[in-house]
Amino acid sequence: MLTVLAFVFAIAVLIVVHELGHYSVARLCGVKVLRFSVGFGKVLFRRVGRGPDRTEWTLCAIPLGGYVKMLGESARDPERDPPIPPEDLPRTFDHQPVYKRFAIVAAGPVFNFLLAIALYALLAWVGAQEPLPILGAPPPGSIAAQADLRAKDRVVAVGTDEEAPTPVRAWSDVRMRLYEAGIGGRDAIVQVRGADGAERTVRLRELPSAARSPQVDVIEQVGLRLLGGPVTIAEVLPGSAGERAGLRRGDQIVRFAGQPADQASDLIRWIRAMPEQNASIDILRDGLPMTLPVRLGADADSANPGGPKLGKLGAQLSQHVETELIRDEPVHALGHAMREVWRTSMLSLKVLGKMIVGQASLQNLSGPITVADFAGKAASLGWQSFVAFLALISVSLGVLNLLPVPVLDGGHLLYYCVEFLTGKPVPESWQAVLQKIGIACILLLTSLALYNDLSRLFLAHG
C-alpha cells in the first residue's frame, strides 16, 4: 500500500508542477486556457473556474500524465468545433508570436527543474548525517589497491583529466563522482589525505561503467570501502539460512568460512559466491565466542538473469561508520541544488546518448513499475529519501520532455526554432509525418521500459 500511495503522490506532484508551468506562462502571455487536466481517460472530478475564461479543471482515471488545452492550440474541425469569437482570436495559442509559444511549451520542463532545485536546496539546508569518505583497506589486486589507496585515507576531492578535482564532503559525493567518470569512460583523479596528514593524488584507471550494466556497483568493483567497525547482525529473516543456523540480532561476525570478516561488503561477496553450500560462521555473542555451521540458501541474480544463483544468508548486516551532519546555509544550499540538477541532467543525457549508439545497456530504461518500486522504498526510508527521489524523477521528467522528439515538448520547441530561423512554420504535412514517427518512438521506448520492469519483477520473485 505504501508503494502505491508514494507512487501516486509522486506522479501527481510532478504532473501538476509540469502542467502548472504551461498554464502559468500561457496566462502570462494572454492565452486563453480551456482545460487543465491531471491524468487521462475517464473524468473522475470536474470543476469549472469562476474567472472569465471558465477554465475546466479535471482529474482523470489514468494518472500517468496530464495536459493543458489552450484555445487555438490544435487544428479545428469547422463542422464540429464552434467558431472562435473575434474578440478571442488574439488570445489563441496559434496567433501568438513564436517566442511566446516557445516560452509556453518550455515552461513545463523548466518548472520540473525548478521543483528539483527547490527540493535539493531543502535537503541541503536541512542536512543529514552522512558517512565520511574515510577509506578502509582495499582488497588486494583491486583498482584501489593498485592506485595505492590505503586504510584511513580520507578522500578530499575527485575529478578527471577533463574536469579539475572538486571537493567532496560525504561518501555519496565520492560514489557519484566515480559513477560519472565511469559513464564518461575516463580515469578518476582522486586527492586523499593520509592518516599522517599528508595529501597525495592517485589515479583510478579502467573504471567500470554502470551504463553498460545498471546493476554494477562502481564502488565495489573499484575496491573502495568505508572504514568501519565490527560487522554485526541487524536482523534475521524468519525461515532463512541465518535463522536455521542460530544467528541472532546483535551477533558480531568475526570470521566466515575461515576468513576474517572485517568488511560487510567482503562478507556479502563471500556469501553470494557459495549458493547452497555449507560454511562456518565465527561470532561473538555477549562477548562469548561461538562457531555456527550454516547451510546457505540461493537466490536469482538480478544482474544476470538466467545465470548462476547467488548464495543467501537471510540476515541484514550492520557496520558502524563515522558520520557527520552535512548541511549548507540557504544561499549555498541553492547553489548546491543548481549544480546537482545540472550534473544529473548531463548524466542522464550521456547515458541516453550511449544507449542510442549501443555503448550502454537498454536495461537503463525503467518504466512505471520500477519507478513505483523505488517510490515505495524511498518513502519507507523517511521523508528525506522520498524528497530526494522526487527531485531525481523531476529532473528526469524535465530532461525527457526536452528531447527533440515530436509529441514531446522538445519536439515542439524544435519546430519553433526552425520557424524562428526561417520565418515560416514547419508545414503541417511534415508535422503530421514527424508526429507519427515520434509516437512510434515513444511506444517503442515505453514497451522496452515495461519489458525491463516486468523482467525485474519476475526475476525478483523467482
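Yeah, the Cβs are placed from backbone N, Cα and C, and that goes for glycine too.
What Swiss-Prot lists as transmembrane segment is 1-21, 102-124, 386-406, 430-450. The Zn(2+) binding site annotation in Swiss-Prot covers His18, His22. What Swiss-Prot lists as active site is Glu19. The domain 'PDZ' annotation in Swiss-Prot covers 201-283 and is backed by sequence analysis.
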Leading stretch by Cβ pairs under 8 Å, where the reference is the transmembrane segment (102-124) and the options are 1-21, 386-406, 430-450: 386-406
Distant-in-sequence neighbours of the transmembrane segment (1-21), which means Cβ under 8 A and at least six residues beyond its ends: 36-39, 63-68, 107-112, 115, 368, 371-373, 375-380, 386, 389-390, 393-394, 397, 401
Distant-in-sequence Cβ neighbours of His22 (Zn(2+) binding site), under 8 Å, six or more positions away: Val68, Ile104, Val105, Ala107, Gly108
Residues satisfying Cβ distance under 8 Å from Glu19 (active site), sequence separation of at least 6: Phe36, Ser37, Val38, Gly66, Tyr67, Val68, Gly108
His18 (Zn(2+) binding site) CB neighbourhood, other CB atoms within 10 A: 27
Predicted model, mean pLDDT over the domain 'PDZ' (201-283): 88
